[in-house]
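Single-structure report; data block below.
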Amino acid sequence: MASQEIEALASALARLPGLGPRSARRAVLWLIKRRESALPQLLAALDTVRQNLVECRTCGNVDTTDPCGICADPRRDARALCVVEDVADLWALDRARLFTGRYHVLGGRLSALEGVRPEDLTIARLLERVQAGGIDEVVLAMNATLEGQTTAHYIAERLEDLPVRVTQLAHGLPVGGELDYMDEGTLAQALRARRPV
Amino acid sequence: MPLTRLTLRDFRNHAATRLDGLAMFNVLVGENGAGKTNVLEALSLLAPGRGLRRAQPAEMAARHGDGSFAVAVEMEHGEVVLGTHTQPAAPGRRLVRINGALGPAARLAEWLSLTWLTPAMDRLFAESAGNRRRFLDRLVLARLPGHAQTSARYENALRERNRLLADDREPDPAWLEALESQLAETGAAIAAARADLVADLGAVLETLPEQPFARPSLAYASDTPIDAEALRAALRQGRRRDRAAGRTLTGPHRDDLAVRLAAKDAPAADCSTGEQKAMLIAIVLAHAQLTAGPRPRLLLLDEIAAHLDPLRRAALYERLAASGAQVWMTGTEPAPFAEIAGEAALWHVHDGVVTR
Ligand SMILES: [Zn+2]
């Protein structure tokens, strides 16, 4: 039977995404063995995060400043706005450095069954940002799941009367994919999204 | 040979069963409760869905095991391995492994096409339309692997829309619009795929004689527009009605497979039990002929042969042999399988143990 302290740490770690009780206990043991070397580093890193990280009130990104580095960057194209479900999606897109505009994090996706309604997401704030002017294009970068696509449709609908161009990430063949291996759904999407060459 | 090996671990009453040297005809013989149908059920899990008993994964684990089970088949002499299993910590969650990698169950349909007939389906024509839709969808899936994903997406969108409609608050029209556009896209594709299959099956059945298997005529009974835009408009128009009902009343989830006995032009549900069974066999045989293609096909026929007279039985074996499908049959006696004894692999099943 582990001590109360160890159990408390293990149960706190177990709540991390992708961890679970078994991995958490293993992580605790690993940390205890490295009390002197690894633990101080981890504590310092955690404390920095706790003290310095804030949510950007403009886009919803997490950074050390508000507005965040992306929103404050004058080299970014203020006329293009990319809407994503979660901060992790923003990071994934920005890692690729392909999009030069700014972002808007919704904080989830619409789901009637899970009780996530439009007012639970930052859709009203997105509309305000667009209404304030200066944005020419809104890129909807939702997941290709049913909930993601429902959210994209919904936002497109809400933006309909505003003077912006609304675009969406293309769905279809993955890079390096072979036609022979695609399911009909993917092929149908790819056919619908075909374009002149 | 489609499948060359089947292994079961802690699956129902099979602690460790391994079948090697499979043939095009595989016959499982044993008393009731010996575990013959369990072997067919295990095979049926290698298609998307819940298998031929529609059981929960936790029910399939052996009572004396660790709460988990595993089923695996080898194709092309071990070149391709399909498997499904549960883990002791999560007995309710069935995982699918294809060539060693975990993946979605829908992918199974890309490797194997599976159809089955069981005694539980004897009343299919008289039962609720839901069972006939499932039967029809399984037939569609056998030639269109993506049908599983389309159906899952449709069901998901349907549950979302029904939840919105049943809400106390007035549903957000833009949200309904977003869901309906996806329902329309997937729903129209489902209706079109089913209608196509029914038409093609009908064409094959047309060419068959009235005997020895009572010939059915099929129709896809549907009000669903096959055009996505039309379905979308129908859903939009039906909002008030659906809100009052608390659920969606338009779409392929309301459709049916209508079957009539061609010779008498009578609804299948009004025909004798023997005629109904013969029509089911005729449909499955026509389907086997229709789906001949690159993917290996499996036909699971539970307790079928014993109930046919020798003439029909001979015709059944002849058509099965011509279909190119690997056939799995069960029976309490070996006698009805005497005619195919030369080409069949015969297995004796006793108390969850299978011997050649
Ligand atoms: Zn920001």
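Cβ atoms here come from the backbone N, Cα and C positions, even for glycine.
Predicted, not measured: the structure shown is a model, and the values here were computed from it.
Annotation comment: TrEMBL describes B:3-332 as domain 'RecF/RecN/SMC N-terminal'. The ATP binding site annotation in TrEMBL covers B:GLY30, B:GLU31, B:ASN32, B:GLY33, B:ALA34, B:GLY35, B:LYS36, B:THR37.
Here the binding-site residues are B:ASN32, B:THR37; the one with the fewest Cβ atoms within 10 Å of its Cβ is B:ASN32. When the binding-site residues B:GLY30, B:GLY33, B:GLY35 are compared by the number of other C-beta atoms lying within 10 angstroms of their own C-beta, B:GLY33 comes out lowest. In this view, B:LYS36 (ATP binding site) is surrounded by 26 other Cβ atoms within 10 Å of its Cβ, with every protein chain counted. Around the Cβ of B:ALA34 (ATP binding site), 21 further Cβ atoms fall within 10 Å across all displayed protein chains. Other Cβ atoms within 10 Å of the Cβ of B:GLU31 (ATP binding site), summed over all protein chains shown, number 12. In sequence order, B:ASN38, B:THR330, B:THR332, B:VAL349 are the same-chain residues whose CB sits within 8 A of the CB centroid of B:GLY30, B:GLU31, B:ASN32, B:GLY33, B:ALA34, B:GLY35, B:LYS36, B:THR37, the residues recorded for ATP being left out. For the domain 'RecF/RecN/SMC N-terminal' (B:3-332), the model gives a mean pLDDT of 92.
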